[in-house]
Amino acid sequence: MKRTFMKPCLSFSSVAVIPKVTKHLLANPVFTCIVLAACMEIAVVAGFAAFLGKYLEQQFNLTTSSANQLLGMTAIPCACLGIFLGGLLVKKLSLSALGAIRMAMLVNLVSTACYVSFLFLGCDTGPVAGVTVPYGNNSVLTSPLDPYSPCNNNCECQTDSFTPVCGADGITYLSACFAGCNSTNLTGCACLSLVPAENATVMPGKCPSPGCQEAFLTFLCVMCVCSMIGAMAQTPSVIILIRTVSPELKSYALGVLFLLLRLLGFIPPPLIFGAGIDSTCLFWSTFCGEQGACALYDNVVYRYLYVSIAIALKSFAFILYTTTWQCLRKNYKRYIKNHEGGLSTSEFFASTLTLDNLGRDSVPQNQSHRTKFIYNLEDHEWCENMESVL
């Protein structure tokens, strides 16, 4: 019985040419700039969105569950809608590569303006006994701030958890224990020296800040608009990337894009945002004598630093978009392989081309259609297309 063996999909010669092809792609300034710009845009999403629930919790006194639910019901659907609208605009307007980069620049500017508005939408930390103001809210600070005070020394309060309470004096305490409350119904709190003893009560949660509710509603509306507009830049970026590389390298170029997105867009940003947020901590919880999670932040510094990092990344993306636009404006035919700005079927699925065909121009350059997508492939075409991807 004769045995048949499948031809191996990836040969050593194909692997050996990968470094040369990668160098060839990165030597193209339009390709490099548009990939880095996409990385900066994703970095904002990966870093800003990763801590957005915590940000809402700290800035607007929301619970963790309500903050995450609001994000899931507003920001995420708006981002999905933005991706759809971006692709629809590119199709309806029949944008060339130069038109697509202009669209990406405009979208980036509008979304950056939304992030700038976040600098003014937030709430202050407010007075917190022993952390931001001394006990009794004395105007003169005679000793370093300390959550432990003579009024709660006999309570044996612990700092391993943060359960804030709002006193009748308008001051937030780290817990009912730190407020000197001697009963389970949160009454008779000895540390509330500014109110009569019969009114010395506390309520669970931080003391509300004036105008905080209105600021939150405005923030939520701006966040929806920002998510939708920011997501509209994804389709133009991919269109430019595809049109700026040789037909036989389009599959590999997309692979390089997604590799760099994961290396530069998803790994460093959460670390950078997290380190910046930790630097704004006012009070750390302790557990068995060791430092735990941050219990209280300086909301103003938190907001400015958190939003400023996002603005810096968006600004860097705009510089990269501008560089791409300058390159295309000065020498469009040098960087765009199809001068008409269109995408032929052979460019999307170069089933008969591989990495070894680099430099051979086998695709006609006089295509009349700007965008044409092929969704149905025969069985043999799937196999051949997979070989071209590898």
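A Cβ is built for glycine as well, from the same backbone N, Cα and C atoms used for every other residue.
Per TrEMBL, the features are:
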TRANSMEM  30-50  transmembrane segment
TRANSMEM  70-90  transmembrane segment
TRANSMEM  102-121  transmembrane segment
DOMAIN    145-193  domain 'Kazal-like'
TRANSMEM  216-242  transmembrane segment
TRANSMEM  254-277  transmembrane segment
TRANSMEM  305-328  transmembrane segment
Selection from 30-50, 70-90, 102-121, the stretch that has most Cβ pairs under 8 A to the transmembrane segment (254-277): 30-50
Chain residues in Cβ proximity to the transmembrane segment (216-242) (below 8 Å; excluding those fewer than six residues from its ends, i.e. six or more beyond): 30-31, 34-35, 37-38, 41, 44-45, 56, 59-60, 62, 70, 74-76, 78-83, 85-87, 89-90, 95, 97, 100-101, 103-104, 107-108, 110-111, 114-115, 117-118, 121-122, 250, 253-254, 257, 324, 343, 347-348
Long-range Cβ neighbours of the transmembrane segment (102-121) (under 8 Å; 6 or more residues past either end): 37, 41, 86, 89-90, 95, 215, 218-219, 222-223, 225-226, 229-230, 232-233, 236-237, 240, 303-304, 307-308, 310-311, 314-315, 317-318, 321-322, 325
Arithmetic mean of per-residue pLDDT over the domain 'Kazal-like' (145-193): 79
